[in-house]
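Colleague: I grabbed these lines from TrEMBL:
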type    : residues                                       : note
BINDING : Glu43, Glu68, Asn95, Asp117                    : S-adenosyl-L-methionine binding site
BINDING : Lys121, Asp153, Thr189, Glu190, Tyr191, Glu192 : substrate binding site
REGION  : 123-128                                        : region 'Interaction with RNA'
Amino acid sequence: MRVRNIPGVEGLLLEYSFFVSNPCSYINKWNDYFNNDNKIHIELGIGKGKFITTLARQNKDINYIGIEKSKELLYKVAKEVEGKGFNNLCLTNFNGEIINEVFGEEEIERIYLNFSDPWPKKRHEKRRLTHGDFLKKYHAILKKGGEIHFKTDSLELFEFSLIQLKNSNYIIKSVSYDLYKDTVNNVSTEYEEKFVKQGKRINKYVAIKP
Ligand SMILES: C[S@@+](CC[C@H](N)C(=O)[O-])C[C@H]1O[C@@H](n2cnc3c(N)ncnc32)[C@H](O)[C@@H]1O
């Protein structure tokens, strides 16, 4: 997703109380951040944020952390979130590569990966957020029984991701090659809405850390 550079965006983000500028300092202390013992769900690559803000509105007893590597996109989401009175949502800016520096062992209950960049070239496959190297990182931060929920329109990425999953230490809970046929309860994302309008099928897996 291309977004125009916003001068001083870092400073603009700092104005928002729900923006966490120093995520590494909360490692093993995210429940203290939220001041409760509720489960923590994260989304890596929130884009324009519709998915995570919808879930945070629907599920007040779950803490949500929205992660996005683009400060510009995060600023757009922050403007939307401001004044909505969310106590269970924060936004933070880092590259998923360092996820193990931000979250401690077994700190997280669920990870959402929605329409992650497909990185179609073979030489870039390690950048795919569903690559085995990322799955290992997620494994460390997930609680036992914790889940990864992954959606994509890209069949190539989906099949690659399923192979990565089968070679990793997870149990596959569900697989759909046509989410809109198989499920009624689905919260959509901005990318998803675009792809569905184009008539594309949506793929989804749910994997469990045993
Ligand atoms: C294709 S967009 C999808 C956005 C949103 N999830 C949706 O479905 O509408 C992928 C998003 O993930 C973010 N992203 C990609 N790689 C990332 C990484 N390694 N760490 C954090 N965010 C990342 C991108 O900046 C972009 O906003």
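Glycine residues also receive a Cβ, built from the backbone N, Cα and C atoms like all the rest.
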Colleague: Out of Glu43, Asp117, Asp153, which of these binding-site residues shows the lowest number of other CB atoms within 10 Å of its CB?
Modeller: Asp117
Colleague: Of the residues in the region 'Interaction with RNA' (123-128), how many are helix, strand and coil by DSSP?
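Modeller: In the region 'Interaction with RNA' (123-128), the DSSP-based counts are 5 helix, 0 strand, 1 coil.
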Colleague: Asn95 (S-adenosyl-L-methionine binding site) to Tyr191 (substrate binding site): how many Å between their Cα atoms?
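Modeller: If we compare the Cα positions of Asn95 (S-adenosyl-L-methionine binding site) and Tyr191 (substrate binding site), the gap is 20 Å.
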Colleague: Measure from the Cα of Glu43 (S-adenosyl-L-methionine binding site) to the Cα of every one of the binding-site residues Asp153, Thr189, Tyr191, Glu192, then give the nearest.
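Modeller: It is Thr189, whose Cα lies nearest.
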Colleague: Where the criterion is a Cβ under 6 Å from an atom of ligand 1, which of the binding-site residues Asp117, Lys121, Asp153, Thr189 meet it?
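Modeller: With ligand 1 as the reference and 6 Å as the Cβ limit, the list reads Asp117, Thr189.
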Colleague: Among all the protein chains here, how many other CB atoms are within 10 A of the CB of Glu192 (substrate binding site)?
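Modeller: The answer is 22 other Cβ atoms.
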